[in-house]
Amino acid sequence: MKKLLAVTACPTGIAHTFMAAEALDQAAKAKDVSLKVETRGSVGAENELTEEEILEAHAIILAVDTNVDEDRFEGKNVIRVGVSEAIKDPSGLIDRVLEMEEKSADEYVEQVQNKKKEKGAERQGFYKHLMNGVSFMIPLVVAGGLLIALSFVFGIDAAENEGSLAYYLMETGGAAFSLMVPILAGYIAYSIADKPGLAPGLVGGMLAEQVEAGFLGGIIAGFLAGYVALLIKKYFKVPRNLEGIMPVLVIPFFATLITGLLMFYIINDPVAGIMGGLENWLQSMTGANAFILGLVLGGMMAIDMGGPVNKTAYAFAVGLLASEIYGPMAAVMAAGMTPPLGLWLATVIAKKRFTNEEQEAGKAASVLGISFITEGAIPFAAADPLRVIPSLVAGSAVAGSLAMIFEAALRVPHGGVFVLFIPNAVTNVLLYALAIAIGTVVTALFVVLLKRNSPQAKAAQANE
Amino acid sequence: MQLSEILKNEHVLLDVNVDSRETCIDELTKLMEKTGVVSDSAVYKDAVLKREEEGSTGIGFGVAIPHGKSSGVEEAGLAFARLSDEIDWQSLDGKPVKSVFLIAIPEEKAGNEHLQILSQLSRKLMHEDFRNKLLQATSSDELIAALDE
């Protein structure tokens, strides 16, 4: 069924806004059309439209006599009329928007990407700082991972031959890897305290790297450095005419000093211990444990499709790349690809379960899926969360645990299907592809099993 | 919070005879001035007439809802007139008007609750059975009770 949205607003925002809303509601009810109306009266916006609803909507009716923010409807069918027209002829207005052409799948992909951007902008607090660090670290992981993988092309021991091309590739990749933790820590601190946080953060990260406290040490160093710098900025007062030396001298010196000493005296040993334990456990992990880790990481990737839980699993796997542990990364990427891929497969094998728009969206989801953009599944999940999300979690958990059991290893933190063709970027590449395929099929089967037929298909059946 | 708290008994005129939209607004404004809802009737009326210029508040179905947000208003208020003879209000559907709600909103910090109530009234007006009640009420008490239902 086509979903419609509307916004009503009038100059005083007392009467017409609400009459138009009521008129549209009634007309939609009479036609059995799904319609949600946001009223922007003098009480403020009520019954506000959410991003998800806008994404799913066939069209938006703007019955407004004032300026309303239309940016959020970009890429959608929009019809703009005066508020009185919605009061006079609500039913004609609804007919007009129902006749509008469906927007294409390309625009849909664009919307998903815009959505990702907006989500990034909304992040707050701890999560925002962490993700800032992770996003600056990722290019290093990609470059390092691919260079090391490339050095193996010359034979698995080729890099041991000093002065050979394989050796240089390995060294360059290794340099990129050794910068991962310092950059992670530096840009967490930068996110917290701005420029004065960067130096202490980088140094703290470097110290964590040296004692092999890994990404966990890097995260702690980053937050420590950031908040120490922030506190100094706030509470350390210098005479007015000396204020200029605060950001260039006082904060970097004291923040770095304090961070460094805290790292040595308090943080490094226990965290290096924890990291060592974690690494040993992950490396020696086989059978049931590997299966469970894959299951959990996989499920986390699907449960909120790009939200905090998904990003936590992702950050965990990326962080482990710094410790040269590649299995969880493989599990996480496989599990992040299956939600959109599985939905695409479901739209192909069971057309009746989906509206025409969803079948179109399925094609776009397949492209997003092979590119490891889990967010491609969001519109489907938003439309029918109770049936879709469990299906996605099941498929992703299967893909994640199979990737772990097959001992697939992924040296780069992104790339989707395309990294499978880069030599040595993925170990056990055929089994890995199989894990993704099985996860996709499981997702699709669950979706088909749980979802009901779409209203269109029901109507067609009733006619037979 | 009930509609009856802003539509006071003294604000209701049943089967009153007026010859134009302006006299109708005048009569209803006087009622709200008496109860202290409107402190400066001239300033308030300006706001109401200005709103009418922007577009008629005759919403069709024989109903008009002139309204004004003005510093001449002390507290949110509502007045109602049922006309004995229909008058022209340049309504959206071109038909003359029989029921008139005049709404007064203060310029500053109009209480949210009041605005909520008025928005509910606006929604109710879109329903035919509600409009019929306005036409059938035999006393102001009966009318106010119908609004609160």
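Here the Cβ of each residue, glycine as well, is placed from N, Cα and C on the backbone.
TrEMBL lists A:2-99 with the feature domain 'PTS EIIB type-2'. Here TrEMBL flags A:126-460 as domain 'PTS EIIC type-2'. If you look up TrEMBL, you'll see A:136-156, A:168-193, A:213-232, A:244-267, A:287-306, A:313-335, A:429-450 marked as transmembrane segment.
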So what's the average pLDDT for the domain 'PTS EIIB type-2' (A:2-99)?
85
Which bits of the chain, at least 6 residues beyond where the transmembrane segment (A:168-193) starts or stops, bring a Cβ under 8 A of a Cβ in it?
128-130, 132-137, 140-141, 143-151, 159, 199-206, 208-209, 213-215, 217-219, 221-223, 225-227, 229-230, 233, 255, 319, 321-322, 324
Using DSSP, how many residues in the domain 'PTS EIIB type-2' (A:2-99) fall into helix, strand and coil?
40 helix, 29 strand, 29 coil
For the transmembrane segment (A:136-156), could you work out the same-chain residues 6 or more beyond its ends whose Cβ comes under 8 Å from its Cβ atoms?
164-167, 169-170, 172-177, 179-180, 183-184, 186-187, 318, 321-322, 411-415, 422-425
With Cβ-Cβ distances below 8 Å as the criterion, list the same-chain residues six or more beyond the ends of the transmembrane segment (A:213-232) that contact it, or say none.
129-130, 133, 180-182, 184-193, 196-197, 200-201, 203-205, 207, 250-251, 254-256, 258-259, 262-263, 267-268, 271-272, 274-275, 278-279, 318-320, 322-323
Let me spell it out: take the transmembrane segment (A:244-267), skip the flanking residues so only those 6+ beyond its ends count, and list any with a Cβ under 8 Å from a Cβ in it.
193, 195-197, 199-201, 203-204, 207-208, 213, 217, 220-221, 224-225, 228-229, 232-233, 236, 238
